[in-house]
Amino acid sequence: MRQHNNNGVPYSNVPVDEDETPSPKATDKIRKVSMLPLVFLIFYEVSGGPFGVEDSVNAAGPLLALLGFVIFPFIWSIPEALITAEMGTMFPENGGYVVWVSSALGPFWGFQQGWMKWLSGVIDNALYPVLFLDYLKSGIPALAGGLPRVAAILMLTLMLTYLNYRGLTIVGYAAVLMGVFSILPFAVMGLISIPKLEPSRWLVMDLGNVNWNLYLNTLFWNLNYWDSISTLAGEVENPNQTLPKALYYGVILVAVSYIFPLLTGTGAIPLERELWTDGYFSDVAKALGGAWLRWWVQAAAATSNMGMFLAEMSSDSFQLLGMAERGMLPEFFAKRSRYGTPLLGILFSASGVVLLSWLSFQEIVAAENLLYCVGMILEFIAFVRMRMKYPAASRPYKIPIGTVGSILMCVPPTILIFAVAALSSLKVAAVSFVMLIIGFLMHPCLNHMDRKRWLKFSISSDLPDLQQQTRECEETLIR
């Protein structure tokens, strides 16, 4: 792989072959993602609606489930969104958090960040066919297992992969339509439930009967991945203004989409904790409004899972493109289709989804959460280090806190990360450890391939130079 300057940002004097990789001018012709589609892409990167939060009630009861989705965003979601806004506007290019870590800690750790986040993203995306079929199997029992389930997963993956191939703008506006359709039935369900609400049901808690592992993993999975949108920053229209605002609106939308359905479901029907598993909101809908509302919720769940699949695959594939533009992966990963999409990255991500979709919901959540935890630790370190090492660098959006405040902001989510990791099973920890070792081995292998010229690596000349930006800012301050 290519050499790096002393701040960890890759550079190369070798021009990119314009016949093989789109030039900046050609890339500029690709339509950029605007505010509204970006908000719903963030919504689907993180949430997609309340589908999947049912396990929080199963694990801890109504009160802890509601408190979790009220308090957890302040501990985790808001700090992660703020860091994404600052670092994403500091490096408005595809690759996102990979570039942040590489710039702060060097190319080795940047590659490890890319490997862990891509892998956790693909694992996360394998959830959505599982959730999609779990919601439909009550109405279509044949989808519960066997060949029909396998065929349904393959057909869904192929269809959504093709939509990703057709362009990020199409994916963005599809996310808007899917998001509105997915949220509407819960608004209707909330109105219907008002006469049946009993607030005392929200206060039920049994601390002696809490599955803390399932509880924390469910909260963590449903409220993370705010940083995923950073890997699409190069495709956003005016990212310095659009990205921070979209993250702000996204936090509000996600919080509301969780809390109100939980208030409805736990307050309007008698509690049976063992029934609160993924797919249970469709049963709540039937109890409150009848079969028609149940089918609407099931259709919304299917639509939501398609939206999450599209958003996650876009993020994962553009991450690989950004890594290739930084010389961390062979340059064929940087090739775009005629629609401006990273064809090879899409195919790699789709293959991972198909291979992992046989796992159960809880196994997938636990495995991707642990890998994601390691990646987030690297992001927090990179954020603080960049504040300390390059205080004068251009930050179009800057969190209004100093270095000490930056460190303190990262403490609560870091404690939460260690709590999630400590509660992981030995099986999940062993699998995650093996994945980390594979990443450690891949980086020197790719370096060897580059030195031997077995594969071609190159770095886009249209990338920001942090060192140059810092010098310019310091010269301005001196004047």
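Just so you know, the numbers here start at 1 and follow the chain as drawn.
Each Cβ is built from the backbone N, Cα and C atoms, and glycine gets one as well.
Features as listed in TrEMBL:
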type     : residues : note
COMPBIAS : 1-10     : compositional bias 'Polar residues'
REGION   : 1-25     : region 'Disordered'
TRANSMEM : 33-53    : transmembrane segment
TRANSMEM : 59-83    : transmembrane segment
TRANSMEM : 95-111   : transmembrane segment
TRANSMEM : 140-163  : transmembrane segment
TRANSMEM : 170-194  : transmembrane segment
TRANSMEM : 246-271  : transmembrane segment
TRANSMEM : 343-361  : transmembrane segment
TRANSMEM : 367-387  : transmembrane segment
TRANSMEM : 399-422  : transmembrane segment
TRANSMEM : 428-446  : transmembrane segment
How about the transmembrane segment (428-446) with the transmembrane segment (367-387) - do they touch, taking at least 3 C-beta pairs under 8 Å (6 or more apart in sequence) as contact? yes
Looking only at residues six or more beyond either end of the transmembrane segment (367-387), which have a C-beta under 8 A from one in the stretch? 80, 83, 86-87, 90, 97, 100-101, 103-105, 109, 112-113, 116-117, 119-121, 123-124, 127, 217, 220-221, 224-225, 227, 359, 393, 403, 406-407, 410, 413-414, 417, 420-421, 424, 428-429, 431-432, 435-436
Counting only residues 6 or more past its boundaries, what in the same chain has a CB within less than 8 Å of a CB in the transmembrane segment (399-422)? 75-76, 79-80, 82-83, 85-86, 216-217, 220, 369-370, 373, 376-377, 380, 383-384, 387-388, 391, 429
Mind checking which residues reach the transmembrane segment (170-194)? Cβ under 8 Å, same chain, six or more beyond either end. 33-34, 36-38, 40-41, 43-44, 48-50, 163-164, 257, 260-261, 263-264, 267-268, 281, 284-285, 288-289, 293, 296-297, 299-301, 303-304, 306-307, 310-311, 314
